[in-house]
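Working notes, structure below.
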Amino acid sequence: MCKGVAFITKSFYLIIRTIFGGVKENKKQLGGVIVSEQTLIPFEGTKEQEQELKAVIEELKDEKGCLMPIMQKAQGIYGYLPVEVQQMISDGLAIPLEKIYGVATFYSQFNLQPKGEYQISVCLGTACYVKGSGNILEEVSEILGIKTGECTPDRKFSLDACRCVGACGLAPVMMINDEVYGRLEKKDVKGILEKYK
Ligand code: FES
């Protein structure tokens with residue numbers, strides 16, 4: 001087993017997730033751990049990707065603090081870290097899935113859901129929030145039928161909330177890939193999304 005793995009207890013990361021990420025719905029039991037269920041996007045990893053990940057694990061597993069680099073490389077291979085990939089890392093390093101899941105959900109650099117062709121980020125920084133960006137986020141979520149952190153089944157759109165993007169003068173702000181939309185009102189959202197369909 002690789003050494004130097006940050007020990008994050010289940011209760012600790014559940015508290016962190018509850019405070020900062022909200023408690024996700026659609027849970028399932030896997031390897032004794034309750035994890036978010038991939039209900040919208042089925043896992044489509046290939047044999048080649050699996051072999052690549054196994055080679056990475058083999059190469060790094062005896063190095064101190066290898067878990068984070070392996071998870072980063074796994075995300076590079078698959079584009080995200082679904083529970084199936086976490087399970088492969090867990091098996092390869094003989095680390096409980098619970099710990100892999102804890103690290104994956106604790107660090108914002110890891111995505112448990114794939115990203116869409118169009119990545120929507122609604123700013124929930126203070127300036128945007130006081131001007132109603134929460135309503136903008138809700139509207140996008142309702143129109144696309146996905147929650148924050150999820151991707152549509154056709155992989156066209158993914159939705160995230162972000163912190164200040166440095167355009168407070170335009171609050172409330174939403175970004176779609178590199179495009180910035182400012183001074184938004186709820187009624188603007190549908191028309192903007194239509195442009196990308
Ligand atoms: S708070 Fe939203 S851009 Fe600064």
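The count begins at 1 with the first shown residue.
Cβ coordinates come from backbone N, Cα and C, glycine included.
These come from TrEMBL:
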type    : residues               : note
BINDING : C123, C128, C164, C168 : [2Fe-2S] cluster binding site
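A strand conformation is recorded for C123 ([2Fe-2S] cluster binding site) in the three-state DSSP classification. According to its DSSP assignment, C164 ([2Fe-2S] cluster binding site) is coil. If you draw a 10 Å sphere around the CB of C123 ([2Fe-2S] cluster binding site), it holds 29 other CB atoms from the protein chains shown. A C-beta separation below 8 Å, combined with a sequence spacing of at least six in one chain, links C164 ([2Fe-2S] cluster binding site) to C123, G125, T126, A127, C128. Shown are the binding-site residues C128, C168; of these, the residue with the fewest other Cβ atoms within 10 Å is C168.
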